[in-house]
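Working notes, beginning with the structure itself.
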Amino acid sequence: MLPNNSNLTARIQQSIISPPVPTICFFLYMVFTIDFFIRISARIPGVSSIRPTLILVGIISLLLVFNLGRLKEKFQTPTGKILGILFVYIIITIPFVKWPGSVLRENIPDFIRAIVFFYFTLLIVDTNNRLRWFLFIFIGCQTFRVLEPLYLNLTEGYWGSSTYMGGTAHNRLAGGPYDVINGNELGFVIVTLVPFLHYFMIKKSWFIKLIYFSLLGMLLWALVLTMSRGALIALLVVAWFIFKNSTRKPLLIVVAICISIGGWSQMSDIQKDRYLSLTGADVRGAGSASGRVSGIAGELELAMNYPAFGHGVGTTAEAKYHKLGRTQASHSLYAELIIEIGIIGFFIFMRFLYVIYMNLKRIKELIKKSSESDELAEKISFEKDLVLAMTACFWMYVVYSINYWGLSVYYWYLFGGLCAVTTLLIERKATSIDLEQEDKAKGTL
């Protein structure tokens, strides 16, 4: 079932023998995850002043150091190696960037809070039950982040953000009062949820399916209210992969048409103009759509001021202020990488994304080989649905990153850790079955 690779087999055999990290590590990581996304500390007066997320990062990291002996092999995974190279590169090039002081004083904490999602996921989510719990908590947190502002919008008229179209400010739905995400970021959260909810719920009982379709309707309406054009494009990417893997393509086409007609009929004129601006039509919002493209081009030009090592992690807004006279987040991850960590860092990060892609490819190969063993196929049925969701999510991230920053944002790091963990767990199951079969064969001799 596994390729004849003695080094790989030895490593997986060792992972089978090595016990998981203590439960307290996993518990604290889940607390960190909930606090990071739901912002529990911001909801309780005075708690945020003690920096609980950074304290949790410190405690979890210390516990992992005490268990380093059983974790060394995981650092040698391809994803672990390349991200380690990126981290070391960023640290050793701080003296050579444009604004090292800003990196050290203000920006490193955000980068650390993002990158730890990779390491904590890789090192702590080390059993099948922990993987399921982690996904349940992650998906639950993201669902709450969408439903909270949607509920407040329906009951209290809450919006959270606005955009200028035709010289007038118009409301857009953003994250809840305690959240820190704008309309585009809320749209990103919504589109991230869709493939996971779809593949984890669509094959279940009719009651679960009813919950899924109810959630999907609320998510799509929330997406309309965000007026996020980038998120709409990202949704089309996810929809394509769902359609591609479906055995009921005609039904999906009919459903998509009905949803499109129903959604369009409920949109306001402003919302319609916002989405029509994607087509190049002469409507309100067309200027901001073309401005987004020119903004990315301007960022690439800005990046060429310090192309070798960049301006420093988290300094895109500062670099724009000195060039444009105003602070503004990056329009694109790919431009942001060159601005902040230079061309060398850009290629290291691209290598990180490539390794994630290869992990997904590896998972698909293992799932394909599982057809040779009924026992393995039964054991990885959950992972089959997970990899379908992750594949759609991966390509959606690739596309959305054209329109979204991300070097100091969690999503690529968490996703990379999730892919690495899933690969290891499937390899562990396959190797375990192989070893059992070998033992049985020896016993019959």
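Cβ atoms are placed via backbone N, Cα and C, with glycine included.
These features come from TrEMBL:
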- 21-38: transmembrane segment (TRANSMEM)
- 50-69: transmembrane segment (TRANSMEM)
- 81-99: transmembrane segment (TRANSMEM)
- 111-126: transmembrane segment (TRANSMEM)
- 210-243: transmembrane segment (TRANSMEM)
- 218-350: domain 'O-antigen ligase-related' (DOMAIN)
- 250-267: transmembrane segment (TRANSMEM)
- 337-360: transmembrane segment (TRANSMEM)
- 386-403: transmembrane segment (TRANSMEM)
- 409-426: transmembrane segment (TRANSMEM)
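Of the two recorded stretches, the transmembrane segment (111-126) lies close to the transmembrane segment (81-99), with three or more CB pairs under 8 Å once pairs fewer than 6 apart in sequence are set aside. Most Cβ pairs under 8 Å to the transmembrane segment (21-38), among the stretches 50-69, 386-403, 409-426, belong to 50-69. Confidence over the domain 'O-antigen ligase-related' (218-350), given as mean pLDDT on the 0 to 100 scale, stands at 84. Outside the transmembrane segment (81-99), and at least 6 residues removed from its termini, the chain residues within Cβ reach (under 8 Å) are 75, 111, 115, 118-119, 305-306, 308-313, 315, 318-319, 341-342, 344-345, 348-349, 351-352, 355, 413, 416.
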